[in-house]
Amino acid sequence: MFITYKENKRIKFGLILLEISFTIVALISIFKHGNSTLLGSLESFDNDDVKYIRSAWDLVGNGMFSYEDISKPTVYIMPGLTFILSFFVIIFGKFQTIMAFRIFQVVLQICSLNLIFLIGKKVFNEKAALIACIIDSIYIVEIYSSNLILMEVTFKFLFLLLICLSIRALESKKIKYYALAGIVWSLSCLFKPTIAAYPLVIFVVWIKARYKMKEMVKYASIVVIIFCIIMSPWWVRNYNNFNMFIPFTKSSGNPFLQGTFINYNQDKGWGVEYRRSEDSIQNDEYEVEEGIERLNIYGKEEPFKFVYWYTIGKTFYFWYEPFYWTQSIGIKNLLAFIEHYFILITAIISIRNVVKEKNFTLGKQVITLSIITMNAVYLPYFTCSRYAYPLMPLMIIFSGNYVYHKMCKYRESKIRKRQGV
């Protein structure tokens with residue numbers, strides 16, 4: 001749709017107003033609820049968020065990157081969030097870091113809103129992009145996640161930036177965009193190893209867009225070199241501490257083992273010998289072995305049930321609820337669920353319409369393939385709404401397009417009525 005300069009100016013003003021409003025609401029929530037939004041205790045360190053905080057304290061205080069046991073180095077988590085928190089610990093001290101990091105997350109949320117607008121504008125139009133930003137800004141999960149001390153907000157920002165740069169790189173075929181995308185992708189891997197599968201998205205688009213083999217090798221080589229440079233300090237550190245090459249983490253065993261239980265129901269017991277070790281890496285190996293053993297036993301007994309579970313079943317658990325685990329910010333779950341399902345339903349309809357109309361442009365391919373790929377990557381493991389959260393802005397972009405078209409149809413029908421058509 002043609003957009004005049006005046007309309008363009010109004011849209012920019014609307015986006016700025018939206019960002020200011022979101023910032024005010026998010027900051028009020030942060031200062032009002034404070035540490036009541038922590039998932040664990042700063043005394044017993046019994047949940048992910050407080051363990052990340054303690055990890056940063058230990059890194060600054062003792063120079064050791066730890067997690068579960070502060071007396072030992074760890075490869076249970078990637079270092080990204082701990083590094084960011086450590087930076088804040090150095091500047092603000094131990095406890096003020098928590099509030100400073102929450103404010104930092106609000107800044108990242110505003111940056112993410114801008115990225116949603118840029119991606120939405122690129123694949124649809126400015127009005128659909130602005131509507132997507134409105135939907136995202138009133139999505140309760142965005143306020144809730146800003147209060148948490150987890151990597152989700154940071155990773156979501158990096159993921160959206162990666163999508164934005166990828167689209168630019170694919171369309172322009174410029175090395176600088178591939179290099180920038182390579183940097184962002186590599187940094188994202190320092191937070192969540194699952195994003196390592198993202199190049200599959202680019203590869204599929206390359207094939208569909210009929211890239212030459214020479215081009216693919218050139219761009220892939222640049223990205224691989226950047227990846228190795230950024231990841232090499234982590235690899236060297238892991239080898240020095242554990243005498244083995246560990247590209248990401250050694251913690252996939254537990255979520256893999258949990259994922260072998262249909263509907264995560266463990267009432268019938270493990271069904272295999274459960275072994276434990278004082279060594280966390282050995283524990284990880286045991287849990288992988290136990291998970292494989294369970295699949296060999298129960299997968300053969302009920303193959304169709306397990307195929308269903310490892311496809312549709314886990315996908316359901318990935319998407320079925322919003323990442324709104326507690327009502328610590330004073331908003332009821334029902335509203336979060338209503339918003340969540342509105343986004344999912346309208347996004348799916350929008351994707352279907354785009355495919356049906358054969359209007360599946362390169363940018364839309366990147367977004368859709370990213371959603372499918374990241375969903376698929378989690379299927380061997382334990383799936384939950386927390387892992388789907390970074391993908392929600394991509395669904396929201398499609399949802400914004402759906403709402404935009406409905407508004408256009410409504411406006412057209414009103415004009416027809418006035419004209420007596």
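For all residues, glycine too, the Cβ spot is worked out from N, Cα and C.
Here is what TrEMBL records for this protein:
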DOMAIN    79-234  domain 'Glycosyltransferase RgtA/B/C/D-like'
TRANSMEM  12-31  transmembrane segment
TRANSMEM  74-92  transmembrane segment
TRANSMEM  99-118  transmembrane segment
TRANSMEM  153-170  transmembrane segment
TRANSMEM  182-207  transmembrane segment
TRANSMEM  219-236  transmembrane segment
TRANSMEM  334-355  transmembrane segment
TRANSMEM  362-381  transmembrane segment
TRANSMEM  387-404  transmembrane segment
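For the transmembrane segment (74-92), the residues of the chain that approach it from at least six positions outside its boundaries are 52-53, 55-57, 59-60, 65-68, 100-101, 104, 149-151, 154-155, 187, 189-193, 234, 238, 241-242, 246, 248-251, 280-281, judged by C-beta separation under 8 angstroms. Sequence-distant contacts of the transmembrane segment (99-118) (same chain, at least 6 residues past either end, Cβ-Cβ under 8 Å): 15, 18-19, 22-23, 26-27, 30-31, 34, 84-85, 88, 91-92, 129-130, 132-133, 136-137, 142, 145-147, 149, 153-154, 156-157, 160-161, 163-164, 393, 396-397. Contact between the transmembrane segment (362-381) and the transmembrane segment (12-31) does not hold: fewer than three of their C-beta pairs are under 8 Å, each pair 6 or more apart in sequence.
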